[in-house]
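Have a look at the structure below before the remarks.
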Amino acid sequence: MELADFQFFVEVLVGGLLSGVMYSLVAIGFVLIYKTSGVLNFAQGALLLFAALTFVSLVEKGLPFWAAFALTFAALTLIGIGVERAVLRPLVNQPPITLFMATLGLSYIIEGAAQLIWGTQVHALDLGIDDTPIDVAGVFISTFDLVAAGVAAAMVASLLAFFRFTRIGLAFQAVADDQFAAVAVGLRLHRVWVVVWTAAGLVALVAGLLWGARLGVQFSLSLVVLKALPVLVLGGFDSIAGAIVGGLIIGAVEKLGEVYLGPLLGGGIESWIAYAVALALLLVKPSGLFGRPSTERA
Amino acid sequence: MSTSTIAAPRAATEGARAADASAPALEVAGVSLAFGGVTALTGVDLKVAEGEIFSVIGPNGAGKSSLINVVSGLYRPNAGCVLIGRKSFAAVPAAALASLGVARTFQNLALFNGLDVAGNVAMGLAHQDRTGLFGQIVGSPGARAEEARSLVTEILAFIELTAIADRAPGTLPYGVRKRVELARALVSRPKLLLLDEPMAGMNAAEKADMVRFVRAARDRWGATVVLIEHDIGVVMEISDRIAVLDHGRKIADGAPAEVRDDKGVIDAYLGVAHDDDEIPLELAGAA
Amino acid sequence: MADVAFRLAAPSRRLTSGAVAGALVLASAYLLPPLVGSTYLFEAILLPFLALSLAGLGLNLLTGYAGQLSLGSAAFMAVGAYAAFNFDLRVPGLPFVGSLILGGLSAAAVGLAFGLPSLRLRGFYLAVSTLAAQFFVQWALNKFDWFSNGSASGVVRAPDIVLAGHVIDGPVERYLFALTVVVAATLFAVRLANSQTGRNFIAVRDNETAARIVGVPVLRTKLVAFAVSSFIIGVAGALWSFAYLRTIEPAGFNLDRSFQILFIVIIGGLASIRGAFFGAALIVVLPLALSRLGQAAFGGAFDSGVLELSQRVLLGALIIAFLIAEPKGLVALADRARARALRPFLKPPYGG
């Protein structure tokens, strides 16, 4: 392989890994909720759309960045409380499939409501990050991707710290390990759920801003969820580490596949290549990369 | 404990008679099983003669259910083998279990809640169905279906479930559901019947019924029975022979009277050997 | 005991009354709409209702009976529609019914392939893997214009349905054709649900371990569920394209369609043959009713974008409401309503 080819390969790979971090960020929102309630929260994408749309609309109304951020976060907290009251509480002890379908319904509500409130036009979102490529040893790397990866890493670190060092975070761990035992020792499940949904909302907000800045804030933003699902299959629904590594793999595979395999197949393969890779890996190694060996994938 | 009277003489003589039969119905040879680093079974040997009612007892976590799961093919042992009839398996094929003439019940109920009681019992004959999909859709039920129906009807009557044949299992009390599971296991006339705590959660009257059914499984239908049960009174009453497991090892094996007086067994239950075990009240009372 | 023998040996009273009710529904379905229906009734309500009912029926066999959650139904509809189109186009002399069946069989083959992960994956992992079918099939149909006979957009006009030299023409004839296909498929599904295979579906769904232990061929049962379900969904896709829309387009078989079919099954009632019809009726009529309502209440102020979004919100809320209040769906509601209405006329039920 010639040097230029190799540099190009590295460029594609690094670009893939960096966009993979953004997949990880979306996937982590799923993991948080899955760990505590065993639910695949399909509404995560809708939350992301809602967050980005609310934020960008507030900014366009003249609010400063931080005020818009805080207000959006407050709205997401309200959604978290609402979801716990109106959906999770009445469906407690229902099979996971039922809860999944409820989140599917929820995603319709949140997507519809977000666009009813803020309209359906496309908003440009400028976070003030330059997207000039920087040259690292002949390999061009997008500044925006770097910053996004940095933000995502900071987000993950603060989440881990939250769950390691705060009381409610430890409660979260307990609930994730054993829901029945947690209830038995008097942990208030309802409050943990509200906190977890709010945390997932925060993750959706950050991911929504990053993705919104890249793709524009519009309905299709909620489809980012579809990119996160193969990440979850790969990394395990219950593993934050799996979400990170899975995201990196999917990001890299998608970009490399698009560049090297796409032309052979006529292009457009990024809609399914991630799924194909995730499934292929699962067939070889049914327990996934990180998830606990569970009956789900036995 | 209404059932704690020990019918030792009868059990002992029958056990002796059964033990004379040449080929064992079930043999477990040197079976070891570990999950990750946790050892569940270590070198367990068992021989169950045809026509015996054979109980496996032991403190919680002794490996009783693991043993049943190895014999029924749900777990693959790390070492050793299982002989069913004259066939030897390093790992019993669970999917072929029913065709080998083995049926089992589960510690936690494993009924099909979407089928009624009769439907659940009929599922015990699922392995006999050889009609292709097309035949099932366009064909009319043949002679085999008629035979299956009469088997189901007979077993429902025998386990006294006829009146509730069309009820959903989810609407029935726990003890009755246990009986439905027994009926599902019995309907195929198994040569070997594995019962994992069939009387757990039952009151005295329900247990007495269950004892009757388990005896009949052997006496009327010729099944060899392997039984896990916590109620020592019931075990002593019903069993021809008893094996005792503790920490995954077999520590005793013999007729009820022998096992009851075995020093090691008493130690295991009373916690002399290791004081972290729970002492079942039944044995503490019986011993 | 005699009673049980009777119950097991002969169809029960409830079954016979069901057959009478079914015959009545059938007779009115064949006779009433052609007598009183307008073109609007056929084109906007009955034809999409029939195609979606059939798709719901197919998915219900897989998800409701066999317990395998699928999010890829629209992909199998697409395969059925495009395969029927290609058989019709490329095999001279093949009667349309042959193309329809071959379309269904093609969908079954694709369904079988995407059902293979079910042998190792369960629950959400399987659901996500069925999404792969959704994206892959849509991609292939857009990418390779052979499927649409060279149309760059993938959109083609559906050829006429021809039965024994007679061109099925006009909404009434298309309705009667679709109805006949749906009736045949429903009879097939009823037979299947009551066969040993149908009971094996339920057993695998309710307790896979116990099913394996009693000798249910678990892997084969899952694959049969995928194949049969995809077959019916494929035929539904062909009806959707040939009898209802009269064009075949990949965009109509997107992820939203897959969700719509899943919603039909949930709202109608999981593991119920009638459920698919109830659910499809609601899903088809609801948006129409809502738009009428919006027109009446707000006039022109209620634009179509807002209407569509409100429908989305309402549909989502409806799903959640059903899951909470009536997880067994419209079928259970209907049964309870009928029981209440009939109670004064019936003796208390025999036995327990």
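In case you wondered, yes, glycine gets a Cβ from its N, Cα and C as well.
Listed features, source TrEMBL:
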TRANSMEM  A:12-32  transmembrane segment
TRANSMEM  A:39-59  transmembrane segment
TRANSMEM  A:65-87  transmembrane segment
TRANSMEM  A:99-118  transmembrane segment
TRANSMEM  A:138-163  transmembrane segment
TRANSMEM  A:192-211  transmembrane segment
TRANSMEM  A:231-253  transmembrane segment
TRANSMEM  A:260-284  transmembrane segment
Criterion met for the transmembrane segment (A:99-118) and the transmembrane segment (A:39-59) (at least three Cβ pairs under 8 Å): yes
Stretch of maximal Cβ-Cβ contact with the transmembrane segment (A:138-163) [cut-off: under 8 Å; candidates A:12-32, A:39-59, A:192-211, A:231-253, A:260-284]: A:12-32
Beyond the flanks of the transmembrane segment (A:12-32) by at least 6 residues, Cβ under 8 Å: 40-41, 44-45, 47-48, 139, 141-142, 145-146, 148-149, 152-153, 155-156, 159, 196, 199-200, 203-204, 206-207, 210-211, 214, 224-225, 227-228, 231-232, 235, 237-240, 242-244, 246-256, 259
Non-local residues, at least 6 beyond the ends, that sit with Cβ under 8 Å of the transmembrane segment (A:39-59): 26, 29-30, 33, 65, 67-69, 71-72, 75-76, 79, 83, 96, 99-100, 103-104, 106-111, 113-115, 117-119, 123, 125, 200-201, 204-205, 207-209, 211-212, 217, 219, 221-226, 228, 232, 237
Folded-back contacts onto the transmembrane segment (A:192-211), same chain, C-beta under 8 angstroms, at least six residues removed: 22, 25-26, 28-30, 32-33, 36-37, 41, 44, 47-52, 55, 69, 72-73, 76-77, 79-81, 83-84, 88, 125, 127, 148, 151-152, 155, 159, 162, 168, 171-172, 175, 182, 217, 221, 224
Tertiary contacts of the transmembrane segment (A:260-284), as residues 6+ beyond its ends and Cβ separation under 8 Å: 227, 229-231, 233-234, 246, 249-250, 253-254, 297
Same-chain residues near the transmembrane segment (A:65-87), Cβ under 8 Å, at least 6 residues beyond its ends: 43, 47, 50-51, 54-55, 58-59, 102-103, 106, 110, 190, 193-198, 200-202, 204-205
